[in-house]
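**Student:** Following this message is one structure expressed as structure tokens.
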Amino acid sequence: MTSCSSFSGGKACRPADDSALTPLVADKAAAHPCYSRHGHHRFARMHLPVAPACNLQCNYCNRKFDCSNESRPGVSSTLLTPEQAVVKVRQVAQAIPQLSVVGIAGPGDPLANIARTFRTLELIREQLPDLKLCLSTNGLVLPDAVDRLLDVGVDHVTVTINTLDAEIAAQIYAWLWLDGERYSGREAGEILIARQLEGVRRLTAKGVLVKINSVLIPGINDSGMAGVSRALRASGAFIHNIMPLIARPEHGTVFGLNGQPEPDAETLAATRSRCGEVMPQMTHCHQCRADAIGMLGEDRSQQFTQLPAPESLPAWLPILHQRAQLHASIATRGESEADDACLVAVASSRGDVIDCHFGHADRFYIYSLSAAGMVLVNERFTPKYCQGRDDCEPQDNAARFAAILELLADVKAVFCVRIGHTPWQQLEQEGIEPCVDGAWRPVSEVLPAWWQQRRGSWPAALPHKGVA
């Protein structure tokens, strides 16, 4: 959506190495530090250790729940309940305003702990509607969870796929557990691979950004890694993260105890280079813990070992608006702080076309408009204003509309396909312009034109309502 031709300045255009991605994918990935090589210098992430169980035993993994001295996937210092997790997210988001994404990556598999995982995601979506949600999984039960992931607003999913050969899979995995049955050997590999591919295809068909993680294991799966990249790219995955095997005896894994060699830097680089011919590569992965907090390569989890009382936490919406201004400033290199810059909201099913009725929108895409260009800042989720065909009048949903007004208090305009007369008037009373002239058109056409027309008519000191 953002292009150098959108505005004269062009300072916020995507880096050249994002050229393999569509504009929509590049915009969505830009603020996710694990999905964007440039984003990880500017935005922070948080992993929530709420998922202890696993349905797949990998020979390179040994889960630990009370470990503070190992830096690798599958370990955490503690386990959190969903209720504790959302308190911790609020605590961290207040302390680290660069936080853009919260993910569940273990210590086991999130989808093997489906009740805990979805309760956590639902609480975050309800209480912190602007945070990006992601999840990392082995993919075994992914096909069964796609619809629920979409419903709760997860739009980034990482799937660990180490091979597409069932015989090789039998060397990597000791067993899997599915529908009350335990499988091993080639049979387990066939089941796992089929379900992983099905899950990836279903996610990408729904517009979810899928990253593939693969552990490079010399002498086992290294020769077939380019085939993994090729097949998963064809299935719609957009980036491949090839990670070196960690196999040290002190970690207690099968490979570590059996002396399986780790790949050297040259082997890893050569494999990434071959795979990069068919699929963009992630090369900045730090193989984070299941409780990592902060920028990539900067784990601040030990600063947040004590949970505050929920009632002691400040209201979230003022923090949300402050964070939006900061994230816009980061993404535009300060241009969003100019007097003629502003934030706007778009009612859209996926962010690139204005295609939703105001009352039917369950999320708004927030864009920064400035001399730097049009930049996607975040998505904000909300209960729909209209709950049905006959429930779209203010007397029926005053509380819902008030909540939407509070959520959008820092924007100058709302773009949608249609909007009722009463909410139109109420938005105008709050200084928010309802815009329907761009219905069914790309945001990349409508928003820049609107900004160019309006920018000269605003006062020199443009107030940002709702921002403390």
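Even glycines carry a Cβ here, placed using N, Cα and C.
Annotations per Swiss-Prot:
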type	residues	note
BINDING	Cys54, Cys58, Cys61	[4Fe-4S] cluster 1 binding site
BINDING	Tyr60, Gly108, Thr160, Ile212	S-adenosyl-L-methionine binding site
BINDING	Cys285, Cys288	[4Fe-4S] cluster 2 binding site
DOMAIN	40-289	domain 'Radical SAM core'
**Student:** Spatially, which candidate from the binding-site residues Cys54, Cys58, Cys61 is nearest to Gly108 (S-adenosyl-L-methionine binding site), comparing Cα atoms?
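**Tutor:** Minimum Cα distance from Gly108 (S-adenosyl-L-methionine binding site) across Cys54, Cys58, Cys61 lands on Cys54.
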**Student:** At the Cα level, what's the spacing in Å between Thr160 (S-adenosyl-L-methionine binding site) and Cys54 ([4Fe-4S] cluster 1 binding site), rounded?
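**Tutor:** Just about 13 Å between their Cα atoms.
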**Student:** Going by DSSP, is Ile212 (S-adenosyl-L-methionine binding site) sitting in a helix, a strand, or coil?
**Tutor:** strand
**Student:** Long-range same-chain neighbours of Ile212 (S-adenosyl-L-methionine binding site), Cβ under 8 Å, sequence gap at least 6?
**Tutor:** Thr158, Val159, Thr160, Ile161, Val200, Val228, Ser229, Leu232, Ala237, Ile239, His240, Asn241
**Student:** Compute all pairwise C-alpha distances among Tyr60, Gly108, Thr160, Ile212, the residues listed as binding S-adenosyl-L-methionine, and give the largest one in whole angstrom.
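**Tutor:** Across Tyr60, Gly108, Thr160, Ile212, the widest Cα separation comes out at 17 Å.
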**Student:** Measure from the CA atom of Tyr60 (S-adenosyl-L-methionine binding site) to the CA atom of Cys54 ([4Fe-4S] cluster 1 binding site) and give the result in Å, rounded to a whole number.
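**Tutor:** Cys54 ([4Fe-4S] cluster 1 binding site) to Tyr60 (S-adenosyl-L-methionine binding site), Cα-Cα distance: 14 Å.
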**Student:** Please report the DSSP secondary structure of Tyr60 (S-adenosyl-L-methionine binding site), reduced to three states.
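**Tutor:** It is coil.
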**Student:** Taking 10 A as the limit, how many CB atoms besides its own sit near the CB of Tyr60 (S-adenosyl-L-methionine binding site)?
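**Tutor:** Taking all protein chains shown, Tyr60 (S-adenosyl-L-methionine binding site) has 23 Cβ neighbours within 10 Å.
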**Student:** Counting Cβ neighbours within 10 Å across all chains shown, tell me which of the binding-site residues Cys54, Cys58, Cys61 comes out on top.
**Tutor:** Cys61
